[in-house]
Amino acid sequence: MAELSRDLVIEAMKGIRGPDLESNIVDLGMVSDVFISDAKVYFSINVPAERAQELEPLRQAAERVVKALPGVKGAVVSLTAERKQGSAPPPRPQPAAPAHGHSHSHAHPHSHAPAAAQAGAQRTKAGVPGIDAIIAVASGKGGVGKSTTAVNLALAMKANGLRVGILDADVYGPSMPRLLGINGRPQQIENRIIVPMENYGIKVMSMGFLVDEGTAMIWRGPMVQSALMQMLREVAWGDLDVLVVDMPPGTGDAQLTMAQQVPLSGAVIVSTPQDLALIDARKGLNMFNKVEVPVLGIVENMSYFIAPDTGNRYDIFGHGGAKAEAETIGVPFLGEVPLTMSIRETSDAGTPVVVSEPEGPQAKVYRDIATKVWEQVKTRAGRAAPTIVFE
Ligand SMILES: Nc1ncnc2c1ncn2[C@@H]1O[C@H](COP(=O)(O)OP(=O)(O)OP(=O)(O)O)[C@@H](O)[C@H]1O
């Protein structure tokens, strides 16, 4: 049996036809360097930005083929669309046409915004008693590491001395129970007030504690909204400096409504460096702008790759794209999180890297991001935050 190697991967990719079936993706020069670490394979496929959506099946096919190779434990194949040197940033995306033919929440977003939204920085005061700031962690699309970032950001804020809670608003695919290694169901007190679950010193509420996996998938919009409001307002959060909300991925009507209904102090947008993800990140930014929620900044996740054996750094995913994008659109850049096995494995094990390797470089990256986020919250709120001394 052939041993897993770069050559083996490249050879397998030669079986995948290019976008117009003219040749294979290797000979067309579309495949980036291939990295293999701990039997997991990483590479990207370069495609023209305007054909990205259409070529998603190509990415999936490549990933499937790699995963089927002998000895492969996992594969991350991403599409990149390289920006030509000196060319303009990708065109501003048009808002996606609603599939169901009506779009009330797009039409006059401001007229639907809750009164608190109009009040800018005042809004959190009209928000949830006892909670000083509510921050959304959002992404333009799925799979960019939004939940991983949310959980490590929350734990890093805790490490920085804040009182922190996490609200898992990703009701269709709740991941906080797994990421924080929490099982069981929360208790109810005083007719239906829910006591949040807790681990690593932070309070957590997730639909994952309340329904069995898969059940939430069939919920309709209004049910999701009321579940979310209940998790926000009928949970004994106690006094918190910050509640981190892990938003559902994407920028559709559901996310827009959520961004309107939760009294957010600001939003952190997570993106991978590829232009494609950045186009989606910009949609996220536009969404928060619509409902007058300040964007606190952009985090670039899976920014570069660190090989565990040598510790060498490789910029295979187009590192730096999010920083450039943040500059273009004029929002703070909050930091770069490398793609590392330890981030993935600790998350899978329910012991996020910030708590399991607090002295490691990854934890430091997240703590620095947490510091920047909190600075932004304080700046935006324009009022004194609790006295916290950062290390
Ligand atoms: N910096 C990183 N290094 C390595 N793996 C990562 C990193 N960030 C996220 N991952 C992994 O990528 C996968 C997707 O991450 P995550 O679930 O956080 O993404 P998401 O954007 O919340 O996804 P979804 O939209 O599906 O909820 C997970 O397996 C996670 O462990």
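Keep in mind that glycine also has a Cβ here, set from the backbone N, Cα and C atoms.
Remember, predicted model here, so these are calculated numbers, not experimental data.
Residues or ranges marked as domain 'MIP18 family-like' in TrEMBL: 8-75. When the domain 'MIP18 family-like' (8-75) is classified with DSSP, helix, strand and coil residues number 21 helix, 15 strand, 32 coil.
Per TrEMBL, region 'Disordered' is recorded for 81-122.
Taken from TrEMBL, the feature compositional bias 'Basic residues' covers 101-111.
The feature compositional bias 'Low complexity' is assigned by TrEMBL to 112-122.
The ATP binding site annotation in TrEMBL covers G140, K141, G142, G143, V144, G145, K146, S147. Of all Cβ atoms in the protein chains displayed, 24 besides its own lie within 10 Å of the Cβ of V144 (ATP binding site).
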One finds that other Cβ atoms within 10 Å of the Cβ of K141 (ATP binding site) number exactly 18
Among the binding-site residues G140, G143, G145, the one whose Cβ has the most other Cβ atoms within 10 Å is G140
Count of other CB atoms lying within 10 Å of the CB belonging to K146 (ATP binding site): 27
Among the binding-site residues G142, S147, the one whose Cβ has the most other Cβ atoms within 10 Å is S147
